[in-house]
Ligand SMILES: CC(=O)N[C@H]1[C@@H](OP(=O)(O)OP(=O)(O)OC[C@H]2O[C@@H](n3ccc(=O)[nH]c3=O)[C@H](O)[C@@H]2O)O[C@H](CO)[C@@H](O)[C@@H]1O
Ligand SMILES: C=C(OP(=O)(O)O)C(=O)O
């Protein structure tokens, strides 16, 4: 078993560079399946376990995929198969993003039904509603979703009940090869949607309005491979910003795009954090003491749910009472129990958590319950008294490249170790190895 070991109390200083965005690269790789001729070359691809998984899905579907030096080369011009089995969807829900491309290109897609996960049930009804509106027959059974269309998909007017990121992306991909015009309303407006639209357009698609509430897609007959560079990861940038802030540090986050994290910056400024925009990134200068604030997660451009756990860690160290309200996922507070192990005073009240700060955080053994919770526990460890040991690192590896190494380079006392698992007789004292 691997653990991240943090000894708290060090201020972070220096420069950290963010990777390409996980949530942009996954749909972009899925969209590459739409290219019936030519190769795609995708730059600034982070070496994350999720990227390895989506690459495996594409290989299974018979595309040729090579990943080296942060570049992915994809040739999807061969005959593809249309089924993505459970072993991939189980590892990563975003595997479901291949559905729109397969359905549009092959007229058929069969993808294992994604289950719920630690942050909520996460249904995909809006994705399926979009495919049906474009003429697909969708059947769910035996753990699979099967979508079929006679001939081509047909452009349609589709209104999303929720501005779902994944549904916007899946429907947008499907609509690029549909006959006629698709108008998608109440779309997600995340920067990753804009990145996907830019990639699709460079493949020969005609997508207008990405980043606004309404996206219009004129279907074309075929798409080709294209070269594309992934946008910087705003959540990784935000994670390092909160890490700098919790330690009272001064850090340049290279590659951070301030417009992509304006809600986070606004809240941190209210807390007393200073920001300086520099040529190649954003400098974070933390105050001696942080002030409490309330936050509410919302779809973009609101406060991102993917920064909620890291923000909870930071607010634990702020003076006063804060309230965090989670409106995007119904169950994204699993980290509360872990923070309590570190002596945090947190009270869950429905979809809100009341944070009483400043906490006298103490190092403890804690488990990452999802990727952002994992990052947040490491961040809390940076400010805790004593040693924090974080387990279940597979979650962190889904979303962060060399997280502990980047923090260590900024001056954190942190390491990642492998601990031999021992089979223990009942009632014996546990032995800490390493
Ligand atoms: C790979 C990726 O990009 N993941 C991001 C994406 O996930 P993902 O695309 O799964 O998130 P969605 O925007 O679809 O989900 C938002 C909410 O809508 C609900 N919903 C969604 C689709 C649907 O058909 N029906 C439905 O009810 C979900 O359960 C959730 O409560 O956006 C989330 C919200 O910003 C982020 O936390 C994830 O990091
Ligand atoms: C929830 C997240 O990702 P995913 O949708 O891939 O589970 C995340 O990036 O915080």
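Just so it is clear, glycine is given a Cβ too, placed from its N, Cα and C backbone atoms.
For the UDP-N-acetyl-alpha-D-glucosamine site, TrEMBL records 122, 123, 124, 125, 126, 306, 328, and the single candidate of 78, 90, 93 listed with them is 93.
In terms of local Cβ density within 10 Å, 306 ranks first among the binding-site residues 125, 306.
The candidate set comprises the recorded positions 117, 124, 328. Of these, 328 has the most other Cβ atoms within 10 Å. Residue density at residue 93 (UDP-N-acetyl-alpha-D-glucosamine binding site): 17 other Cβ atoms are found within 10 A of its Cβ, drawing on all protein chains shown.
Note on residue 22 (phosphoenolpyruvate binding site): other Cβ atoms within 10 Å of its Cβ, all shown chains, come to 26.
Of all the binding-site residues given, namely 23, 122, 123, 126, the one with the smallest number of surrounding CB atoms inside 10 A is 123. Checking the recorded positions 22, 117, 123, 306 against ligand 1, the ones with a C-beta less than 6 Å from an atom of that molecule are 123, 306. Spatially, by CA atoms, the recorded positions 22, 23, 117 include one closest to residue 125 (UDP-N-acetyl-alpha-D-glucosamine binding site), and that is 117.
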